[in-house]
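Below is one structure; the comments refer to it alone.
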């Protein structure tokens, strides 16, 4: 190892181990800046001239001897020398700007954008559980049954599709749990792809996710929420609704969740916690009602449904592989959101312990809830009715309790969508925040709060002069260490603006296909990265390690779904490929911009030095 990198680093310690040793409890911030030597010039190199100040229990900081069996990047065939994890205080808690040497970070709080969310770890097991459940249980289980059932052909086959879809989603979630424990940073696939396959892969994911995937899916959730909420007031049986009425309600909900998540992390997570319990109660209620109806034959209007008694549950099952693929895809859409907690893993108090627990608690609970809810639908409604409606929950409530039941179920679905929108906004803001820290997008979006840390502290001290009610309110909603508005507000504003644009446009046919192709492409690459990491770094510290068959199964299924999409809709697939390719020159342009604005340390202080190079040689970053 060259002397520069081995200055304070014990033998046998690789770059990934430094990330995996990130503590759940932040250590004291010493406040002094330590620069890397000027000869280091890589966007991903770490200043190793002092230990990670974020972790009191870090082996490097405590002086403990490193276990001799650890593999190193130098000795391994898979070298991370150019992608060392920047976990020092001079790099903003784990992020280094794209195209800029680590020596250039001169902000007091570290990294582009100043303060770091990772220094204030507030998320618990319950918060993680509510995030993943909150986004998975949105509108899918209340609308997707028609698409699954129609393509499966029979109730029994539909139940099997739901089970298979849930297990496949579980394999992906378990794979992400291992990656999140080994690389405990915010950003999810963005960070994993960058560390494993290089900056370009991480940037392309950010390019697609920030501009299309996250705001597009949030827009779909918002409009569904708006439609159901409008129906609670004008009647569930209304045939036509002015789309702009639903869109207006959707925008109000979007602005509300953006504000709630801007106030504090505690307020956003508490909202998720409450709505998670509401969703489970609602699904449990649907299941109980279905069983009671099946046992008693009760029906508010018309004869009770007896199809589940008279017909075999597998009668009419379709054996076509294409139909099964469509049904499976619809089921996976309803389970989408299992990767939610990985975007905020850097804010967990104990990510190595809590992330796997969250995954392996949430997924079986959601799978069981979905299966029971679908069985209840089959007990109450004829199969033809389920196959012909996208508002199966409302029809279910109307069949059992009449108009009142329809309105109650419509209100429950809208509240469920609101919870999914809140969870999506919370995690999407962290993705945008990390992109700003990395320099993928302007550094403004990597900033915390509406002002500086000093301004926020001073604003909190004024609480002494305020009323009792105001003080009590702040104690309830404010974060313990940082108070109010210590959140990625610029990132939240960007996500809100993009989502607003998609809500106003409202063309979701192409968006759904785009989401399926692009989303599962990056799912595949990220889980494939886990396999690559297993082969190249077998001794990497992994708090949680899934079976190797888990990522292999998920990769195979992802390829199957992608191949079906390519053959079924080749033109829209080409649109996805074209959009991703456009991100390549944008990536090099961002490297050029960040390289030119790099800040270098001098003996007498800090000064900005514009790197002199012809503009057309933008790829040459020193």
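Each residue's number is its place along the chain shown, starting with 1.
Backbone N, Cα and C define each Cβ position, glycine as well.
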Where TrEMBL places transmembrane segment among the ranges 84-107, 156-179: 156-179
Interface-richest range of 400-421, 547-567, 573-590 toward the transmembrane segment (156-179), CB pairs under 8 Å: 547-567
Among the ranges 200-224, 275-301, 400-421, 514-535, the one whose Cβ pairs under 8 Å to the transmembrane segment (547-567) are most numerous: 514-535
Two-stretch contact, the transmembrane segment (483-502) and the transmembrane segment (275-301), at least three Cβ pairs under 8 Å: no
Contact set, same chain, for the transmembrane segment (514-535): CB under 8 Å, 6 or more residues outside the stretch: 16, 78, 172, 175-176, 178-179, 182, 189, 192-193, 196-197, 201, 205, 208-209, 212-213, 216-217, 329, 333, 336, 339, 548, 551-552, 554-555, 558-559, 561-562, 565-566, 572-573, 575-576, 579-580
Contact between the transmembrane segment (244-263) and the transmembrane segment (275-301) (at least 3 Cβ pairs under 8 Å, separation 6+): no
Tertiary contacts of the transmembrane segment (200-224) (same chain, 6+ residues out, Cβ under 8 Å): 98, 138-139, 143, 189-194, 246-247, 250-251, 253-254, 336, 413, 417, 420-421, 424-425, 428, 431-432, 435, 438, 440-441, 494-495, 498-499, 501-503, 506, 508, 511-512, 514-515, 518-519, 522, 525, 579-580, 583-584, 586-587, 590
Recorded stretch that, among 321-338, 358-380, 400-421, 573-590, has the most CB pairs under 8 Å to the transmembrane segment (275-301): 358-380
